[in-house]
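Below is one structure. I have some questions about it.
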């Protein structure tokens, strides 16, 4: 329960994911009661409007009214959920977590209200999909959201019946989402059609499902470092895998490596079918293969002897970004990072007063770069530096007016080579990890 967790933790700043439904309402009022007895505890709430239900605006209003009444800061954010191959529920969850991650303070712990029944349902859904140890491990009690922010699920050992009884006993109002009874959704089908039969026959079924998940989670904890150490042998960068010597490995070993690699970079757990497809259609293909496999917002492609996991972004090759205040870091679009001045950057000539600094993502023609004795087509320069075709239009190109100065982090144009009589500055492209 939440009381036990709070007694153990030193951090008493929380951000509650508050839908207004049964579980998050229970957790909200539990936090309120603890807060009354412990003034050091601070919590905010965040409500995500998925805009998937005609009543979603009323639900936001309900959450606003409850938080206002109890003087709890509330953030309300809208998201657009697109149905794709991972399904509407998974897509909604991913977008919701992205929005929560944007709003959480660094020192806050995110709280969600998943309960024991949710754990059992997740286990059965994973079983239905034919998942391995990762999927069957279910929902973790603690995890890092996008590998960074701590998220805790303090109700994970609490059965839904106990939550319902508390809500009724204390006469607390909460939102009933009628779509939770629509059995066309797999989770609802399990909740309303399957689990009642199973628990009637075996009253401890829900608890024992969670117990199995817990055992598998412990085994996974032992296996993960072994897989990580094995994966590190083949990593060039976190999103680039050297597959030159994969022929020496058993297919099952490769499947595990691929699953670990994809999950560590995208936080998506690919199915066995997907990793098998990557193996047969890409890894076993020729080095110049143009095959690609889409996984959520990512693609897996091959370039020579390397496997790349690429975040899909809109085409930006015609984009021009003016940098009027170079003393302030320039944030690039689509999570490509930022350009900033620092002592570790590439040495470049300062622009003249009449030269406008701008960033582009495409150029053409032959270029003479530092270290070369003759001009080369830009395509050949990219090839010489081992830049995969799909990454070339993501590298920021520094221009002064219409003159190319540098592909940041890759090359500097030779005609702008710095001399002692030219003022210099140092620029770095700081890339984000997707």
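We number each residue from 1, going along the chain as drawn.
Any Cβ shown, glycine's included, is placed from N, Cα and C.
According to TrEMBL, the record shows the following:
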type	residues	note
TRANSMEM	12-32	transmembrane segment
BINDING	19, 20, 21, 22, 23, 24	ATP binding site
DOMAIN	357-429	domain 'Lysidine-tRNA(Ile) synthetase C-terminal'
Have a look at the binding-site residues (20, 21) and report the one with the fewest Cβ neighbours inside 10 Å.
21
In the domain 'Lysidine-tRNA(Ile) synthetase C-terminal' (357-429), how many residues does DSSP call helix, how many strand, and how many coil?
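The domain 'Lysidine-tRNA(Ile) synthetase C-terminal' (357-429) comes out at 16 helix, 27 strand, 30 coil.
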If you count CB neighbours within 10 Å, which one among the binding-site residues 19, 24 has the smallest count?
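24, out of the binding-site residues 19, 24, has the fewest neighbouring Cβ atoms within 10 Å.
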Identify all same-chain residues not among 19, 20, 21, 22, 23, 24 whose C-beta atom falls within 8 angstroms of the centroid of the ATP site's C-beta atoms; report them in sequence order.
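Apart from 19, 20, 21, 22, 23, 24, the close residues are 18, 25, 26, 113, 174, 175.
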When DSSP is mapped onto helix/strand/coil, what comes out for residue 23 (ATP binding site)?
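Reduced to three states, the DSSP call for residue 23 (ATP binding site) is helix.
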If you draw a 10 Å sphere on the Cβ of residue 22 (ATP binding site), how many other Cβ atoms land inside?
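Total other Cβ atoms inside 10 Å, all chains included: 21.
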When you measure from the Cβ of residue 23 (ATP binding site), how many other Cβ atoms are you left with inside 10 Å?
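I count 22 other Cβ atoms within 10 Å of it.
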